[in-house]
Amino acid sequence: MAMASSLMLPAAAIVLPYTTSSSSSSTSRRFALFHLVTTGAIVLPKSQLFGAKESELFKVAEANAVEKLEQPEQNLFDWVKNDNRRFLHAVYRVGDLDKTIKFYNECLGMKLLRKRDIPEDRYTNAFLGYGPENSNFTVEITYNYGVDNYDIGNGFGHFGVAVEDVAKTIDLIKAKGGKVTREPGPSTDGSTVIAFIEDPDGYKFELLERKPGPEPLCQVMLQVGDLDRAIAFYQKAVGMKLLRERDNPENKNTVAIMGYGPEDKNTVLELTYNYGVTNYDKGNGYEQFSV
């Protein structure tokens, strides 16, 4: 079979050097070029790839991209509008993997989906949730050998779990020795009953009383210092929609709910702005969520 005459570079095949140039157009041009190459919008001939240095590769790609870069910069984010996406999993670190797995299973009803040990990198992680990873949001918890506690910080707020009976679930959690930080009661808007608990490492979970739905692990809450800026980022960078926004002057905060579909059927992101607070400590426990 004849070898193809061109080769599409995979994502991260080219790493562009950081530039401190005062020219914003130069920086934007390099970002645009990186996007076009890594997404396959630019295809480089093999004859120009093999044996080439990074600087030479960049020049070749730039030469092939001149016409494409003449498009408006906002077009670079068109893929966000056309791509199908959902929340995949949240990643965070725990001090005792087996203890956390047991708590999530017995108190919250999560299932252990898979577990893997990576001895060469000295960590073990586990995926838990309420359904298969290919259709449900999951949590990925990581245990690093020899590390038994983490600073959670205050940037991460909580996970939300939908349950049919909050009071009954709280009784079960208490019986298992779990920590309840807010007893069952009405939510701020009065729409449902909620309660708050903490897992063995101190990560907070909000229990929300709802009818059974396709995604019980229904919410990730993050605290932000600039709500409008955060909303714009999640809309433009990862294609989320602003589902609703609510100001709570009695609690001195404003909340925005974002996601890829209705709250009763999908995991959503809850962004909370607390009046006058512009910075938060990320800590080293919670790491990220994947889309």
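Backbone N, Cα and C atoms are what each Cβ position is placed from, and that goes for glycine too.
Please treat TrEMBL annotations as automatic predictions, because they have not gone through curation.
The shown structure was predicted, so the numbers you read here are calculated from the model rather than taken from an experiment.
Annotated features, as they stand in TrEMBL:
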type	residues	note
ACT_SITE	GLU206	active site, proton donor/acceptor
BINDING	GLU140, HIS158, GLU206	Zn(2+) binding site
DOMAIN	86-210	domain 'VOC'
DOMAIN	216-291	domain 'VOC'
SIGNAL	1-23	signal peptide
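What TrEMBL annotates, mapped onto the structure for a quick look.
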residue: GLU140; record: Zn(2+) binding site; CB count, 10 Å: 21
residue: HIS158; record: Zn(2+) binding site; CB count, 10 Å: 20
residue: GLU206; record: active site, proton donor/acceptor; CB count, 10 Å: 22
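Counted with DSSP, the domain 'VOC' (216-291) comes out as 12 helix, 34 strand, 30 coil.
Per DSSP, the domain 'VOC' (86-210) is made up of 25 helix, 55 strand, 45 coil. Here the CA atom of GLU140 (Zn(2+) binding site) lies 18 Å from the CA atom of GLU206 (active site, proton donor/acceptor).
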